[in-house]
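First comes the structure, then the notes that go with it.
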Amino acid sequence: MEKAKNNSMETKVTDFILLGLPHPSNLRTFLFLVFLVVYILTQLGNMLILLTVWADPQLHVRPMYILLGVLSFLDMWLSTVIVPRIILSFTPASKAIQFGGCVAQLYSFHFLGSTQCFLYTLMAYDRYLAICRPLHYPVLMNGRLCTVLVAGAWGAGSIHGTIQATLTFRLPYCGPNQVDYFFCDIPAVLRLACADTTINELVTFVDIGVVAASCFLLILLSYANIVYAILQIRTADGRRKAFSTCGSHLTVVTVYYAPCIFIYLRPGSKSPLDGAVAVFYTVVTPLLNPLIYTLRNKEVKSALRKLAGGGGATK
C-alpha cells in the first residue's frame, strides 16, 4: 500500500489544462473580440509611449520619462504573458499548457509584476527629489543613477520570480491537472499539488507581503514629504502644478496595489472575485497606464503631437 502511494507521488503531470474564465457559451465570440482588441490597444498604446520617449530629445534624457518608458515596456510584456492565453481559451484550440510553459508563465508574471512594484517606488522617489530637492535633483537623479536603479529593480524582480517559481514547482504534481484559473498563478497551481502546501502559502504571503509592503511604505513616505513640501508653496497655481506632476503616478499605484492586496494577501482564499480582480490588473491596468500618463501629462501630449506630424513644433 505504501509502495503504491509512493509511486503515485512520483508520477508527475506533463501539462496543465487552463480552464480559463467562466463565461456563457453564447458570449464566447464577443469575449474573444474584446480581449483581442484590448491586447492590440495595450501593445499599441505602450509602444506609442516608448516611441514618444525615445524620439523626443527632451524626454529620453529625463529620469521621469526613462522610468515611464520602462513601465510601458513591462506592461507590454506582462500583457503578452497573460492575454494571449485568455484569447485562446475562447477558441476550440487545446487549453493545455506544457509543464515547462506553466513554470515560465508563473515566473514571468511574478518577475514582471514585482519589477513594476520596484519601478513604482523609484518613480515616487524621483518625484520626491524633483519637488522636495529641486536644486539638487540633477545631481541626485541623473541618467547614470537612473539606469543603475532600473537595473537593480530588474535584478530584484528576477530574484523574486525565481523564488516563487522554485517554491511552487518543487512540489509533486501527480494529478488532477486542471488549473481553475486563466493562467498559471501560485494560488491556483498550489491547489493541484500532491503535498502539504502550508509552507508554500506562508512563504508566498511573507515574500509578496514584504515586497509589496516595503514598496508601498516607501511610496507613502515619499508622498508624505511631497505633500508637506507642496503645502509650503504659497501660490495656488504653484501647488496645482506640483500636484499635477504626481497625479498620474498616484493613480497607477492605486490601480496596481489594490488588486494585488486582494489576491495575494489572503492565503487560501477561493473567492469567485479573484478571477475578476486578476483580470483587472493583468489585462486592464496595462491598457490604462499609457492612457493615464497621456491624458494627464502635458509634456507627453506635446511630444505625441510632434511625433504625429510636427503639430507641437509649430505652435
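Cβ atoms are placed via backbone N, Cα and C, with glycine included.
If you check TrEMBL, you get these features:
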type     : residues : note
TRANSMEM : 30-53    : transmembrane segment
DOMAIN   : 45-293   : domain 'G-protein coupled receptors family 1 profile'
TRANSMEM : 65-87    : transmembrane segment
TRANSMEM : 107-125  : transmembrane segment
TRANSMEM : 145-163  : transmembrane segment
TRANSMEM : 208-231  : transmembrane segment
TRANSMEM : 243-265  : transmembrane segment
TRANSMEM : 277-295  : transmembrane segment
Three or more CB pairs closer than 8 Å, sequence separation of 6 or more: does that hold for the transmembrane segment (208-231) against the transmembrane segment (107-125)? yes
Sort out for me which stretch, of 30-53, 65-87, 145-163, 277-295, has the most Cβ pairs below 8 angstroms to the transmembrane segment (107-125). 145-163
Can you see whether the transmembrane segment (145-163) and the transmembrane segment (277-295) are touching - at least 3 CB pairs under 8 angstroms, only pairs 6 or more apart in sequence? no
Model confidence for the domain 'G-protein coupled receptors family 1 profile' (45-293), as mean pLDDT, reads 84
